[in-house]
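*Asks:* Found this in Swiss-Prot, in case it helps:
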- 58: O2 binding site (BINDING)
- 87: heme b binding site (BINDING)
- 1-141: domain 'Globin' (DOMAIN)
- 3: phosphoserine (MOD_RES)
- 8: phosphothreonine (MOD_RES)
- 16: N6-acetyllysine (MOD_RES)
- 35: phosphoserine (MOD_RES)
- 49: phosphoserine (MOD_RES)
- 102: phosphoserine (MOD_RES)
- 108: phosphothreonine (MOD_RES)
- 124: phosphoserine (MOD_RES)
- 131: phosphoserine (MOD_RES)
- 134: phosphothreonine (MOD_RES)
- 137: phosphothreonine (MOD_RES)
- 138: phosphoserine (MOD_RES)
């Protein structure tokens with residue numbers, strides 16, 4: 001459960017992404033594919049070279065979905081219902097991949113916003129991403 005302080009930290013962090021959601025999301029995906037090559041199996045039709053338009057486009061979708069979730073912290077299941085259905089029933093993404101991407105997102109944010117990435121912000125973002133992952137995997141059962 002996200003506390004009031006967690007919610008403030010999450011919203012502030014996503015607002016700081018500004019006009020760069022595709023860049024941050026794409027970089028996080030790139031980190032995931034390099035660190036965990038088995039995650040590439042879901043993207044066989046993509047150009048997975050660093051900085052490719054496919055990575056940026058999908059990275060923007062990921063970042064936009066997280067921004068939407070950050071705007072609906074009191075109703076994550078409602079905000080992410082369509083994505084949960086998509087990932088569980090159509091794409092059949094292995095649930096562990098959400099944790100891997102969450103880790104890569106945290107690393108990317110820490111690398112680009114070191115002054116803002118305090119231990120409290122890190123903890124809040126980790127809780128947020130864990131909550132998002134839980135919602136996205138809820139329809140697997």
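For all residues, glycine too, the Cβ spot is worked out from N, Cα and C.
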*Asks:* Of the residues in the domain 'Globin' (1-141), how many are helix, strand and coil by DSSP?
*Replies:* 106 helix, 0 strand, 35 coil
*Asks:* Highest Cβ count within 10 Å among the modified residues 3, 8, 124, 131, 137: which residue is it?
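*Replies:* The residue with the densest Cβ neighbourhood is 124.
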*Asks:* Between the Cα atoms of residue 131 (phosphoserine) and residue 35 (phosphoserine), find the distance and write it as a whole number of Å.
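*Replies:* About 23 Å separates the two Cα atoms.
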*Asks:* Among the recorded positions 16, 58, 87, which residue has its Cβ surrounded by the fewest other Cβ atoms within 10 Å?
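*Replies:* Minimum Cβ neighbour count within 10 Å, taken over the recorded positions 16, 58, 87, occurs at 16.
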*Asks:* Of the modified residues 16, 102, 108, which one sits closest to residue 134 (phosphothreonine) when you measure Cα to Cα?
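*Replies:* So, spelling it out, the nearest of the modified residues is 102.
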*Asks:* Within 10 Å of residue 3 (phosphoserine) (Cα-Cα), which of the recorded positions 49, 58, 87, 124, 138?
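*Replies:* Matched recorded positions: 124, sequence order.
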*Asks:* Among 49, 58, 124, 138, these being the recorded positions, pick the one whose CA is nearest to that of residue 35 (phosphoserine).
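*Replies:* Nearest candidate: 49.
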*Asks:* Compute the C-alpha separation of residue 124 (phosphoserine) from residue 8 (phosphothreonine), stating it in Å without decimals.
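*Replies:* Here the two Cα atoms are 9 Å apart.
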*Asks:* How many Å lie between the Cα of residue 87 (heme b binding site) and the Cα of residue 137 (phosphothreonine)?
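*Replies:* Cα-Cα distance, residue 87 (heme b binding site) to residue 137 (phosphothreonine): 8 Å.
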*Asks:* Compute the C-alpha separation of residue 102 (phosphoserine) from residue 49 (phosphoserine), stating it in Å without decimals.
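*Replies:* So the Cα of residue 49 (phosphoserine) lies 20 Å away from that of residue 102 (phosphoserine).
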*Asks:* Just to be sure I understand the packing, how many Cβ atoms besides its own are within 10 Å of the Cβ of residue 138 (phosphoserine)?
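*Replies:* I get 15 for this one.
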*Asks:* Measuring Cα to Cα, how many Å separate residue 108 (phosphothreonine) from the residue listed as 'N6-acetyllysine'?
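*Replies:* Each residue's Cα considered, residue 108 (phosphothreonine) and the residue listed as 'N6-acetyllysine' end up 13 Å apart.
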*Asks:* Could you tally the C-beta atoms, other than its own, that fall within 10 angstroms of the C-beta of residue 35 (phosphoserine)?
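*Replies:* Total other Cβ atoms inside 10 Å, all chains included: 12.
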